[in-house]
Amino acid sequence: MDTKEQKHLNTELQISNFRTALKGFKNLVEKAAAQKRDERGGLLIQKEDVIDYDKFYEAVQELFGPEVKSQDVKSFYRKLCNNPDVPIDWCEIFGYFSSEEDSLASQMDEENLVFLISRKQRVVISGSRRRDVIKCIVKVPQLDLLITASQKGLITIFNSQDTSWITGCDYLSQLKRIVATTERTIIVWDYKAQGSGQENYFVIKPMDHCLLCVCVVSLPNQLCRDDILLGDDGGFVNKFTVNSDDFGLKQAKSKKKLQSQVLDSKNFKSVKRKLHNDWVMKIRYITPLSCFGSCSLDSVHSLVLESLKRLEDNLPVREFSMPRGANTFCYCTKANVIVTGGDDKVLRLWHPNISTKPVGKLVGHMFSITEIVTNEKDQHIISLSSAKVFRVWDVQTLSLLQVFHDSHGGPGDMQIYSMVYDSNHGMLITGSSVMDMYPLTRMVQDTKQIPHTHEREINVMLYNRYFHQVLTVCSESIIKVWELETGLQIYQILDPHGFSVELTSAAIDETGFLFATGAYNGTIKIWDFGSGQEMKVLPEGKDWKEEEHCLRRLIFLKAQEKHQYLILTLERNGKIKMVQGKEEDLYLVVTWELPNVVPLLRDGNHTVHLKPFPKHRNMHIPFPDVQLVEKNVSQCVNSPDISTEVNCIDLLQVEGYNLIAAGTLNGVIILWDFINFTVNELYRPEDCFIVDPDLDPKRFRINNILFLFRNPECARRSSQDSVCSSSQCDSSKGPQSSKGSKQSIHDNEVKGEQPDVTVGQQQPVDRRHPAGTSVIDPQPPVLVTAHEDGHLRFWKLEGKLLKNMLPFTKHSAISLTSLCTDLCSRILLTGNVEGHVILCSISSFLDLPHEEKKLKQLLVWRAHSLEIIQVIYIEDKQLVLTASIDGSVRLWHAFSGHYCGYFGQRRMFELSQSSDFILPCDVNEYPVEIKEENKFTEKKQKYECPLVFDRQKWKKMSSMSLLFKRTPPKAFEVDHDFKFFKSLSSPKIRRRALEGFLTGNREAGVVFGSLPIYRVPSPTSLRFLPLIGSEAQRESANSIPGKKKGGHVQHDKVSRRKSLKRHLVPQINLASSFFPSIPK
């Protein structure tokens, strides 16, 4: 007795201690969460009061003992830090998770739904009889047909005159006809024949029993013959064989319109066998198993699964038994299971070869299960009960994904008799008195939610091709790392450079193990990519001005020594520096800086010479120490009026080349050659050093610059095989857009050329070590620049312009922001400020002699509604990553422009090419594939811009709207002023220059993107123009002779006046616009 009392007291003491520990843990979590909220709010917390992970782990161990695992506490603490307001359960400390989410809350969130109920479509049966219902739905995937049969004899558009009820239907794939069953007859309908539906069908009767279900055996080796399986109320399974001769010969003999013909069932080859002791509810032929299945309400012979040969003999068959029988069944090919359901409300999963015991059970329905279908692609089972409740299950995990209810009709009214899943369009279709279609919630754009990867705009996006991971940085300075194949987030880093310090640049080293970040205050940090741990830091200088050293670009350099880090940096002030650090050092240091050559180039020098500057260094760096030649220093002239800072750089370090290319804010392209010790000015726009208040100061800016270079291995591969065969191109194409807006991506019939698009996986190529002497010599690099005026320009290293290209988009010239190419420089991707992605083929163009016609734009699509800041091409998967200031990073198929999803969505990515064409909710433009111009299109008349901006005319004119302004606005700021329209005139001279004029460019002075040009073969006389207005009509009556005589209108002229009114276009009142009324 004492022992029992002692155990009871010990149990109560343990419970009391555990409750006390839970209270302490709750206080600890609330205190830590409050601190995190205060830190986000900008409040300063004393260092000794901060609850870091070590303090948190010690406190948890004191409460619950040393048995608590460190990894569980670490994941709990990380979750608390990421979102202090998230609901947390104490059992997560011990590694137990009650559920990922509340099931009801998960179902209310449309983003988690499998089927989108809010987008349900309903089709009312056309011409249906009163209280008629759809009894059978069959999907024909190869023809994309949907066949429905109603209870009172309506097969799609065929209205049977038979008084019997239709019980099922299917499609005869060999005979191209539809078969349906009534209680005692078989109907074969030729739905393609001309005439009304009632004139093209045959009736096969009589039958021994009432037919309840039908299916067609689809065997590819049978020609002009189909086998039909029938189930009846006597438990028999019948097989009928129908040939084309049974219907085609009779049809050919009759010359009149055919009437319904009755055929004797005894003339057809048929066999039957009794397999059940009750009604046969469902019969199906399972092609992967080469057998048929039939289910019945019989508790002993509930499901029979056998080959067709067993219908002709009396050998034993495979039987599956279940209580109260089975109403329906289906087969899942990938999982290789048969799913059955019946009146016992339990879904059972069976292996086809094991009939003794099911491999799994799914319980949850409260009423009899009437229909089951499978979604093979997503491995889902959709079950329907007699109460019109749908349940979606995962085949692999046997978990419930979604429950929804058809609320149409009253209780017990309008039972759903049939259900089918359309895999072509991702849609669940049900039939009752109406046909309902439930689309799959594949992407978040279906829920009308704008994709968001970060809460703020994206500043940087990087791709680690070795680990297939994506790194994103937003303006709120949150680093996130994502898995490419699934889209799941791996980890994130908050405030990596300190509180409210914005990150502006980042880079990944060539091994993929490290990444560096740069901030607006000039600080640089190196991180371990796998763990997100900080390794090195370049601290902020004491005398640095705010944002003066803001980092625009970081490039990892290949170090000659191990455990050495070298980073090339571009600052906002235009300075190019190199940061260096060793593994044993805690801090990074600036060890190399390029001199400023822009003032020297402004004086007219196209080439500035450098000289080596010997300097003792402990380690080797990839660039020599250089300085300007002394005789050129005196020519340096400062110009504070023009922004001449370097805006973008790119690096090329291969055998024979050691180059840095730079583009400035005023459009100058500078090339640093460290082998020849020269700095060359490749291009300088006219008037780039002249301030014009009437023009946009950003019109010359170069937004991005990129080297295009092929090593010998890439050149050999390009010369041996074509990039994309015609069959590959056809397979890579997506479906045509719905309104015919998509075009053929290639038109090779004219020139017989093959496109130059990289298709297929390519191995990474080392650009620094050419392979052997048997390969082709490398071709000289080409430089490409993306400009503010919307042009792509390709340059030789000597400064010769190879191609000036204005990419085609739906709108006028749009500023380009990003450039990207593959490892072998076969394609070029660029993004613009309107959110478009442009795909060009450059493989043949880079081959000497650089023919302009071989540079082809292949595709353009709208990826974002706002500016794209970066585009990345993933070569081995043929995907495109886009990052925008809208805060989202999205994934696309490169050669079709199909949307895959965005990073941050709850569902995992589906990277396979889908037949369903989908778009984000903020994009409504379909991808446009560019056709190649042929000899027919080249002969079409080309119009020059009919109106241009005449600046002399502008200066001579005055506008009333400008008289009330104290400071006159600049010319490019007054686009909508009436004075601007008056200043438009037809071009007079320099017609050659007009061919390259920017259409629709605000800076260039064109108001409209393309003004309409009308041809009028016989213009209407001007004397009839006033007839459009009412006042002008009264005045014109006096001016036309013969209209009035003595105050009376002659009736013989009335018809002429009416005809004039009919021919005047447009028929609206324009008189007030051309002839303003003057007050009397």
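Our numbering is plain: 1 for the first residue shown, then up by one each step along the chain.
Backbone N, Cα and C atoms are what each Cβ position is placed from, and that goes for glycine too.
Feature annotation from TrEMBL assigns compositional bias 'Basic and acidic residues' to 744-754.
According to TrEMBL, the feature compositional bias 'Basic residues' maps to 1042-1059.
The region 'Disordered' annotation in TrEMBL covers 722-780 (among others).
Per TrEMBL, region 'Disordered' is recorded for 1035-1059 (among others).
Counting same-chain residues at least six beyond the ends of the repeat 'WD' (362-403), those with a Cβ under 8 angstroms from any Cβ of the stretch are 103, 107, 113-115, 327-335, 337, 339-343, 345-349, 415-421, 423, 428, 430, 440. As annotated by TrEMBL, repeat 'WD' applies to 362-403 (among others).
As annotated by TrEMBL, repeat 'WD' applies to 496-537 (among others). For the repeat 'WD' (496-537), residue counts in helix, strand and coil come to 0 helix, 21 strand, 21 coil, using DSSP.
Tertiary proximity for the repeat 'WD' (861-892) is limited to same-chain residues at least six positions away from its ends with a CB under 8 Å from its CB atoms, namely 450-463, 465, 470, 472, 474, 482, 484, 487, 732, 758-759, 761-762, 810, 817-823, 827, 829-837, 898-904, 909, 911, 920, 922-928. Sequence annotations record features per position, and here TrEMBL assigns repeat 'WD' to 861-892 (among others).
Among residues of the same chain six or more beyond the repeat 'WD' (496-537), those with a C-beta under 8 A of the stretch's C-beta atoms are 39, 42, 459-460, 462-467, 469, 471, 473, 475-477, 479, 481, 544, 546-556, 558, 565, 567, 569, 571, 579, 581, 585-588. Within the model, the repeat 'WD' (496-537) carries an average pLDDT of 91. Helix, strand and coil counts under DSSP for the repeat 'WD' (861-892) come to 0 helix, 19 strand, 13 coil. Residue counts for the repeat 'WD' (362-403) by DSSP state, with H, G and I taken as helix and E and B as strand, are 0 helix, 25 strand, 17 coil.
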